[in-house]
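Asks: Structure below; questions to follow.
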């Protein structure tokens with residue numbers, strides 16, 4: 001929308017999810033960048049009075065810097081659609097699909113995109129190796145959480161019960177996936193084009209919450225250490241996953257690239273982190289020569305509504 005520069009912008013941050021602290025850091029960085037680029041922006045710590053706050057402050061556009069439940073799952077997007085406030089990132093449906101790991105995996109399978117074999121369980125259902133079509137090792141995760149919250153790698157049968165209990169602590173539905181061994185590669189998307197792919201080598205067993213948000217807990221390699229043809233394939237698969245869910249403007253797609261050269265999609269992050277340690281800003285800077293402030297400006301200028309009214 002061409003008149004975004006003249007509007008008062010709310011940077012939506014914090015919120016009610018398990019990723020609240022990360023969101024506060026993302027929001028603070030985004031708000032500072034918007035002000036530095038000359039926008040009239042204020043930070044809003046999202047609570048249940050959000051509609052009143054947006055109306056009272058005369059907000060004309062929103063930069064969504066929320067992560068996890070209520071912010072990344074289509075809830076806030078639906079509210080902003082009802083209030084006719086243009087917002088950044090994907091719309092209601094794409095946000096909900098990306099946040100729900102079962103439905104996103106089904107969309108990937110339908111689009112011919114590789115994703116790890118999986119089984120879905122609801123609270124109260126028995127989870128045992130005999131119920132699975134694959135063996136150890138495996139991954140147990142909540143259906144709807146981000147930042148690797150509630151995820152476990154299970155290498156021995158004795159670890160399964162604790163992993164299932166942890167995942168159900170965060171959701172009423174869980175996925176049990178076949179463990180795929182490979183390089184952890186993340187593709188950054190902006191304006192519906194891939195900017196590049198970065199490789200992550202975690203000091204922990206996998207790229208978990210601690211490794212994502214603690215300085216020094218992971219090494220980053222840009223571009224990802226893949227031969228040229230495989231690197232291009234990773235970019236293609238990342239963009240295909242973005243499109244398979246109907247995402248808008250920007251996202252970060254997490255992949256595993258196997259020694260056999262297969263690219264498995266883990267998930268699509270419709271509202272990737274925007275902190276000093278976050279991967280999308282690093283990919284933008286190194287892959288598209290786009291400093292953080294310019295990245296934030298590009299994103300806010302893409303703010304829009306999915307439902308157009310006359």
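Cβ atoms here come from the backbone N, Cα and C positions, even for glycine.
The annotation domain 'ATP-grasp' is assigned in Swiss-Prot to 105-301 on the grounds of sequence analysis. Per Swiss-Prot, ATP binding site is recorded for 133-186, and the stated evidence type is sequence analysis. Swiss-Prot lists 254, 267 with the feature Mg(2+) 1 binding site, giving sequence analysis as the kind of evidence. Residues annotated as Mg(2+) 2 binding site in Swiss-Prot: 267, 269.
Set these features in their place in the structure for me.
Replies: Secondary structure from DSSP puts residue 168 (ATP binding site) in a helix.
Close to residue 267 (Mg(2+) 1 binding site) in the fold, though at least 6 residues off in sequence, lie 98, 101, 104, 253, 254, each with a CB less than 8 Å from its CB. Classification of residue 267 (Mg(2+) 1 binding site) by DSSP places it within a strand.
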Asks: Sort out the sequence-distant neighbours of residue 182 (ATP binding site) for me: same chain, 6+ apart, CB within less than 8 Å of its CB, listed by position.
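Replies: Expected: 256, 257, 258, 259, 262, 264.
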Asks: Nearest by CA distance to residue 269 (Mg(2+) 2 binding site): which of the binding-site residues is it, out of 140, 161, 168?
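Replies: Out of the listed candidates, the nearest Cα belongs to 140.
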Asks: Report the same-chain neighbours of residue 140 (ATP binding site): residues 6+ apart in sequence with Cβ closer than 8 Å to its Cβ, ordered by sequence.
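Replies: Once residues fewer than 6 apart are set aside, residue 140 (ATP binding site) is near 151, 152, 154, 160, 163, 164, 166, 167, 174, 175, 176, 177.
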Asks: Looking at the binding-site residues 133, 269, which one has the fewest other Cβ atoms within 10 Å of its own Cβ?
Replies: 133
